[in-house]
Amino acid sequence: MNTQIIGLTTPLMALVFFATFLLLWWRGKMDAYVLGFAASYLFFALGFAATHLLDPTSAYLFHATQALYTAGTVSLLWGATRRINQPLMVGPIVVTYVVAAIVLAIAVAVTDDVAPRLYIVNTSYGVMFAFGALTLLHSRRRELFDILVIGLFVASAINFFIRPVLTLLVEQSIQASDYRESVYYSVLNLALAIMSLMTAMTLVGACVSDLVSSIRDKSDRDLLTGLRNRRAFEADIDDLLDRARHDDVPASLVVADIDHFKQVNDLWGHQAGDQAIANFGKLIQTMVRDVDIVGRIGGEEFCILIWNCPENSAHKLAERIRHAFAQMAHDGISENIHLTASFGVTEWRSGEPYRKLFARADSYLYDAKENGRNKVVSAGKPADRKTGDRTASKLDAEAERAAAAA
């Protein structure tokens with residue numbers, strides 16, 4: 001009776017988790033990996049139900065359950081690997097399934113003993129979970145739930161490898177007609193219930209953690225550019241400067257400001273100005289590394305902390321950004337107008353707080369603005385004499401034409 005209850009409870013529990021993951025994906029607007037988890041528990045529920053309800057003497061029972069459990073396992077592994085942006089080892093898993101299916105067909109055809117079938121299918125599941133664990137181990141992510149998922153996959157692989165061996169030491173042979181009355185079947189149901197519950201709770205925890213992180217990240221992002229907002233930038237820069245101090249690594253700060261931005265808004269409207277800001281933010285993002293920190297700290301002002309970078313290298317990076325921005329076209333702005341930006345660059349002095357670092361870089365930005373704009377200024381390369389501002393002349397001409405047209 002207890003076996004019957006567990007046999008029915010396990011698929012119902014799997015359906016509950018299927019609905020849970022589906023709800024998380026839908027209401028939380030989460031990535032497709034959550035759908036992978038949902039699909040896995042739907043397939044597991046169908047597999048559990050088939051194991052419990054289909055005729056144990058039928059030739060197709062193990063083929064049906066193998067297909068369903070494999071689909072559930074692959075969905076689970078796909079979801080876990082996609083969550084950390086790692087490719088699933090599809091080829092080896094497909095080969096494992098095909099080989100197991102062929103050998104299983106032979107075993108079903110030649111003997112009524114269930115034992116060989118159990119060895120075959122459990123070994124294939126163990127191999128698949130081992131591939132999944134290896135894939136996760138290739139990732140550098142090692143947050144709490146990442147470690148727990150890896151541990152569960154390793155435990156699942158070991159469980160599938162040793163469970164039939166240990167059980168069949170007690171029952172050397174199990175006839176198909178006696179399968180549901182066997183010790184193995186009782187152990188199977190209990191093990192499936194426990195492992196499914198543990199895995200599901202861990203994955204739900206991982207999804208909730210990811211959802212909270214996503215909400216927090218969105219609150220830290222500037223909606224127009226996708227870069228860090230000022231609060232998030234200053235929090236992250238404090239952490240990175242502490243790390244630079246600990247590791248004795250150089251770091252440099254670049255402060256950038258789009259030139260004549262008020263005139264851009266006055267002439268072409270705020271939508272065109274927003275487009276220019278978004279373009280500048282995207283340009284900067286493409287020209288820095290993942291280890292660097294970029295933020296929009298004001299209306300048209302941006303900040304970049306460049307990790308492991310002395311001042312002269314940071315100056316060169318700022319020059320590349322300046323040159324690339326000056327070549328860009330912007331929707332809503334006259335084709336003959338090429339916006340420019342000015343930059344201040346300075347290297348962090350070990351032990352100094354961010355506010356002093358920023359004040360120094362901002363003073364170099366001021367020098368760039370006062371000496372012609374569209375240039376990069378640092379301690380090693382101070383501003384040259386004031387040169388003509390071509391963009392200003394063109395903007396003045398645009399303003400005169402707009403006034404005449406009005």
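Numbering starts at 1 and runs along the chain as it is shown here.
Here the Cβ of each residue, glycine as well, is placed from N, Cα and C on the backbone.
The annotation compositional bias 'Basic and acidic residues' is assigned in TrEMBL to 382-406.
What TrEMBL records for 249-381 is domain 'GGDEF'.
Residues or ranges marked as region 'Disordered' by TrEMBL: 376-406.
Under the heading transmembrane segment, TrEMBL lists 6-26 (among others).
Annotation comment: TrEMBL describes 33-54 (among others) as transmembrane segment.
Annotation source TrEMBL lists transmembrane segment at 60-78 (among others).
Only residues 6 or more beyond the boundaries of the transmembrane segment (90-111), in the same chain, are considered here, and those with a CB under 8 A from a CB of the stretch are 59, 62-63, 66, 70, 74, 77, 117, 120-121, 123-124, 127-128, 131. Look at TrEMBL and you will find 90-111 (among others) tagged as transmembrane segment.
The feature transmembrane segment is assigned by TrEMBL to 117-137 (among others).
What TrEMBL lists as transmembrane segment is 144-162 (among others).
For 182-208 (among others), the entry in TrEMBL reads transmembrane segment.
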Grab the pLDDT values for the domain 'GGDEF' (249-381) and give me their mean, rounded.
93
Remote residues contacting the transmembrane segment (144-162) - C-beta distance under 8 A, at least 6 residues beyond either end:
77, 80, 84, 122-123, 125-127, 129-130, 132-133, 136-137, 191, 195, 198-199, 202-203, 205-206, 209
For the domain 'GGDEF' (249-381), give the DSSP counts of helix residues, strand residues and coil residues.
59 helix, 29 strand, 45 coil
Beyond the flanks of the transmembrane segment (60-78) by at least 6 residues, Cβ under 8 Å:
33, 36-37, 39-44, 46-47, 50-51, 54, 88, 93, 97, 100-101, 104-105, 108, 117, 121, 124-125, 128-129, 131-132, 135, 153, 199
